[in-house]
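**Student:** The following feature annotations were taken from TrEMBL:
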- B:21-39: transmembrane segment (TRANSMEM)
- B:59-79: transmembrane segment (TRANSMEM)
- B:H71: heme binding site (BINDING)
- B:Y83: ubiquinone binding site (BINDING)
- B:91-113: transmembrane segment (TRANSMEM)
Amino acid sequence: MLVSIYRYNPEKDDAPYMQDYEIELPAGKDLMVLDVLNLLKAQDPSISYRRSCREGVCGSDGMNMSGKNGLACITTVSEAAKNGKLILRPLPGLPVVRDLVVDMGQFYKQYEKIRPYLLNDTPAPAIERLQSPEEREKLDGLYECILCACCSTACPSFWWNPDKFIGPSGLLQAYRFLADSRDTATQERLSDLDDPFSVFRCHGIMNCVNVCPKGLNPTKAIGNIRTMLLQRAT
Amino acid sequence: MVTQITSFGRSGLYDWMMQRVSAVVLSLYTVFIIGYLLVNPELTYEQWSALFEATWMRVFSLMVLLSIGMHSWIGLWSISTDYIKATGARFFFQSLCGFVMFVYVVWGVQVLWGL
Ligand code: SF4
Ligand code: SF4
Ligand code: FES
């Protein structure tokens, strides 16, 4: 199998380039892309990429596999290869640190902006803040996000304005806290989002939904935020 | 909160709403004009000018004119903030758009009221 990998080491290379590797894959098994990378790394230790849990939980090995963002550890070679060739590139739109490793700073900054923690100005109860099963249910499909950045780096609006548009991942989390019955800062949160960029740069292209490895739907969450803003203003 | 003084209404929700409202006005007008032309295949000059003599038609047309201005401003403003990264060039482009839309509105009012 031919594997083509994006290579860039800013200390040595003037410009990024694609390097081709030929690898013999064990027959009768459909390896994950991360397994292939590990095999290649044994051949050429200079290849750099991030990974940790190797089971789709930590979100560190998001990358672009033959044109589609996803987690290398849970994407099979047969899914990712096109015409017998596997092309691996870093997540698009973020600065490349080296090879497949990108600088996630801008992505985290947007996450930080939405204040991803409960804000509650009522006195803390003795034990815990309770939620009914119905209230808890509202967080399903939101809390599962592992911040892999596959969605935001597939979103054209995020490519053009990564400093102003929160991006699908951040907005999914914004809604996660807007929808939480224990949070009392809803109005403040909404005010922070009502500008022409933070939410409204989403044009509903749904690239985010298409790539999310956890099957989440940021576009729907963005629609819900818009509805909340609309209800508040009319 | 991202502040931006060149957007239409400063609030994202307001711009979004205006974009939708103006889109509805524009499509109603388009459907109306096409329908009118289909119903009157042998349209005469007298009929056409009588249509535009009517006050409701002038009000409707003025609304359309303002909607075009708003809709294209919001749209082109978005595009310019996506693709034109140099501040000077972006500002020039936005000013040009604003100027052209203003000219269209004034000119359109002149045409409608036959001033
Ligand atoms: S739906 Fe919105 S957030 Fe998702 S990829 Fe499209 S523009 Fe980006
Ligand atoms: S929404 Fe999905 S793709 Fe986006 S960061 Fe979360 S888990 Fe990753
Ligand atoms: S290695 Fe943790 S998600 Fe892939």
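Heads up, the Cβ atoms here are built off N, Cα and C, so glycines get one too.
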**Student:** Apart from its near flanks, which chain residues at least 6 from the ends of the transmembrane segment (B:21-39) lie with a Cβ under 8 angstroms of it?
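**Tutor:** Non-local partners: 51, 60-61, 63-64, 66-68, 70-71.
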**Student:** Between B:Y83 (ubiquinone binding site) and B:H71 (heme binding site), how far is it from one CA atom to the other, in Å?
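**Tutor:** Rounded to the nearest whole number, the Cα-Cα distance is 18 Å.
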**Student:** Have a look around B:H71 (heme binding site) and count the other CB atoms within 10 A of its CB, chains all included.
**Tutor:** 21
**Student:** Let's check the environment of the residue listed as 'ubiquinone binding site': how many other CB atoms sit within 10 Å of its CB?
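**Tutor:** I get 10 for this one.
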